[in-house]
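Below is one structure; the comments refer to it alone.
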Amino acid sequence: MEITNVMEYEEIARQKLPKMVFDYYASGAEDQWTLKENRNAFSRILFRPRILIDVSKIDMTTSVLGFKISMPIMIAPTAMQKMAHPEGEYATARAASAAGTIMTLSSWATSSVEEVASTGPGIRFFQLYVYKDRNVVAQLVRRAERAGFKAIALTVDTPRLGRREADIKNRFTLPPFLTLKNFEGLDLGKMDKADDSGLASYVAGQIDRTLSWKDVQWLQTITSLPILVKGVLTAEDTRLAIQNGAAGIIVSNHGARQLDYVPATIMALEEVVKAAQGRVPVFLDGGVRRGTDVFKALALGASGIFIGRPVVFSLAAEGETGIRKVLQMLREEFELTMALSGCRSLREITRNHIVTDWDLPHPVARL
């Protein structure tokens, strides 16, 4: 059966993957309200298309932190990709590079920074979790720098792991034939079996709950790489991130896997963009499945978006080919949305191209 949209890969992945693995990728925290809301919120934003504009040439190129990319659609960090497919992060890196876009490698990847760098050229960012042992962190950041990674995406919403009930039920743990490759030499690459989620126990043991803004400053003393703060949902934290030297902000609720009942990222985006006042770029991840979603995020002020689950689901289904197809489908849908909205370049996408259900008081129905 021909695949015609990004969502169709989820069902294929469900059929192909062991239940423990699929559930790990697919599930959210607790009631999974935010998980559903990340998608549903996009449907509350409608278009105000402009017509009779020459859209014979459409330019989707942009630059992120000074790096030119083919489109404002990038790859978010997702952990343990070799659970989805034997080629794991190698396949993701090659697909991103072929599409002319950025891949973010997870700290908890099943391939190391050096291995991913060995796949060939490409613009890559490194997602960082801060471990209790700061020597581990410093070593990892240095390795990412040496391997040619161009930025650090610091995850700030995970002092503890969210309650993911599927992982508890499944007693989730990393399959024995895999390791968290970046930590292999540090004796932190294996995950023990636990009475609940093996990952939750690993996080409780290793990840630093004392993480604060002073650590964002410390990070800047050990690396010259720009730091993106990933996991911001409020104006207050946006201002603090900028005060503390962030080069950019990623509006993220961790794929709805941390605190349930936070807003969808597309709902939080405008508050963050307004607080940033153009001082740093603001990006979004969470719930993007269509080119129309990409356009809506940019109309609300995002400089680009990141996709997570579509990457692991398409990787599980078809390996590198699947990820290439996802990036191509989103690219083509986004280009079509631009054309039908009357926008020829990203800077022509404005707030006036959309209307949200929080813009206008709802008219009273006339009897």
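Backbone N, Cα and C define each Cβ position, glycine as well.
Copied over from TrEMBL, here are the features:
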type	residues	note
DOMAIN	1-359	domain 'FMN hydroxy acid dehydrogenase'
BINDING	Tyr24, Tyr129, Arg164, His254, Arg257	glyoxylate binding site
BINDING	77-79, Ser106, Gln127, Thr155, Lys230, Ser252, 285-289, 308-309	FMN binding site
ACT_SITE	His254	active site, proton acceptor
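Averaged over the domain 'FMN hydroxy acid dehydrogenase' (1-359), the predicted model has a pLDDT of 95. Between the C-alpha atoms of Gln127 (FMN binding site) and His254 (glyoxylate binding site), the distance comes to 12 Å. In terms of Cα spacing, the binding-site residues Tyr129, His254, Arg257 that come within 10 Å of Asp285 (FMN binding site) are His254. Comparing the binding-site residues Tyr24, Tyr129 on other C-beta atoms within 10 angstroms of each C-beta gives the minimum for Tyr129.
For Ala79 (FMN binding site) paired with Tyr129 (glyoxylate binding site), the C-alpha to C-alpha distance reads 12 Å. Taking every pair among Tyr24, Tyr129, Arg164, His254, Arg257, the residues recorded as binding glyoxylate, the greatest CA to CA distance is 19 Å. Across the structure, Arg164 (glyoxylate binding site) and Arg309 (FMN binding site) place their CA atoms 16 angstrom apart.
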